[in-house]
Structure formats: structure tokens, C-alpha cells
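Visitor: Annotations per TrEMBL:
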type	residues	note
DOMAIN	10-263	domain 'Tryptophan synthase beta chain-like PALP'
ACT_SITE	Ser20	active site, nucleophile
Amino acid sequence: MADVVSSGADCVITLGGMQSNHCRATAVAARSLNLDCHLIFRSPEDLEDKDPGLVGNLMLERLVGAHIYLVSVGDLEFFLNSMAIANSLKNKLEKEGRKPYIIPPGGSNSLGNWAYIEAIREIEQQVQNSEEAKFDDIVAACGSGGTCAGISLGSRLSSLKAKVHAFAVVGTTEYFYYSTQKLIDGLQSGLDSHEIVDIIDVQGLGYGISTEDELQFIKKIAQATGIILDPVYSGKAAYGMFKDMASNPEKWRGRKVLFIHTGGLLGLYDKTEQIAPLVGECHKLEIDKSIPWQDITGKLF
């Protein structure tokens, strides 16, 4: 956003899936700086001409006044052509006299990568202060490539040298090796993406689409630990991690793993109908009439 302001822009354009955390964060940050925000979402074909509603991240985005646009194309087509899609809107806004600034999906570019390089630097400082906090592997969800690239490059540049596993919730592993390579090349790293990160496909039924097993897993983690995973990103990544540990035990045996929770709890509100049968019911509490009850009539006003 500092770059947006210094460029003299009066509005921002960014893109993502319908429950993109990045889009929500961008909309809120833009409003705090008195900038208009234009969000382009990939939409299923049957919903392109329908109002997307006020579920999850969409509620906050629309609450702060973001302008919403829907594009009906495939996941991979959307990401590969994201800048062309954004530029078409940019040209329209410029004709209206606006000064738009395009932020790529997920904030995933060389500038955005510094966020997770800095995050790794902070983690490195915490580890240096605690022997118990040391770990061998880092796991995180991968949705647009920026988190994956930043963590992987940060780990390699730091003293951590932890092996990074990125669980892709959309697209293909080939695409993310390609996009990670482009991102680290933008910082002139001289590294090969295949050497610094292990990318695993966990999209299942597709971006933002949850199976009952995945939601059951999220419920079990919540009830066992109090940690809430979201169904679009961290939930799929953690579910995939546990499945990979079960099917490849030697790969993980004896290793200490840091799982980075990338947020997105609002995405749970998009799954209320699926989650409802998995959680407990509410019960009416019958109060025993013999319990002494204070009469407050006339004592409050």
C-alpha cells in the first residue's frame, strides 16, 4: 500500500477466488487509506450473473464499499491471465479519469514476497531465543504462490534452512513450481524452485469446495486444540499434511514441523450448511423454580 500511495494512484485493483483473504485485506487496507478498491473474482459459470451474496470475506469487502466484478473462467486460466483481466478494468477506469494501481492475485509479486521473507526473519529470531522452538520443516497453504515463494526463499536465506512444503489448494503443482520460479527470479535469487520447496496438490474437489472429510477434520482439530482452520486454505493444507504423513511416514518420521496458519476464518461462514450436521445441538436450560431468584423490579430506574 505504501507503493500504491507513492505512485499517486487513487484506487486499487486486485483479483482472487471468491473467498480470497488477500482481496478482503486489500479492501480494508485501501479503505483505511481513503482509496477505492475494485475486486475481480473468479466465479463459477452458473453464478456469473448472480449476486455473490454476503458470505464470509464478501461481507467485509462489500461492507467497506469495495466494487465487485465476476469473471467466469477456469482456475488456471484465471491465474495465468490475471494481469490481462486486471488491465481490461484498469483501461476502463482510466477512461473515467481514475488512476488505478494493480495488485496481482494474493499480492504475489517480488514486492509482496518481502512480507514472508520478513516473517521468516521474525521466526528465526524467536527460534534463536528458544531451543524448544527449533524445527525441521515448514508447512503452509499455497493459493497464489506468494506465501510459498516468500517462505521458501526466506528459509533458504536464513539460518533455519528448514524444508518447505507448500500444499496447493488450487491449480497444479507444475503451475506453482513455475510461478514460484518467476517470483524468486524477480528477486534475483539464482535458485531453482524445485530445490527450495516441495509442492503438493490438495485442492480435492476444487478451490473453496469442501468434502465432508475435510470439514470433519477441521472440527476434530478445533475440538482437540482450540485452533480454528479455514476450509479454503489452512484447513485443506493441514488435512493434506496429515494425509501425507499417513501415506509417507518415513518422509516425516522424527521431524519437527512448523505449520504456518495463514488466516481466513471468515471462509467458514460459507460452509454453514455443510458444517451444521457436524456440530452439537443447542439445548434449552430448564431453571429449577426452587432456586432463589432476585426481583429487580423498580431497582434499575
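Quick reminder: no glycine exception, Cβ is built from N, Cα and C everywhere.
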Visitor: What same-chain residues, at least 6 away in sequence, bring their CB to under 8 Å of the CB of Ser20 (active site, nucleophile)?
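Guide: Correct list: Phe41, Asn57, Pro105, Gly106, Gly143.
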Visitor: If I take every residue in the domain 'Tryptophan synthase beta chain-like PALP' (10-263) and average their pLDDT values, what number comes out?
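Guide: Overall, the domain 'Tryptophan synthase beta chain-like PALP' (10-263) comes to a mean pLDDT of 93.
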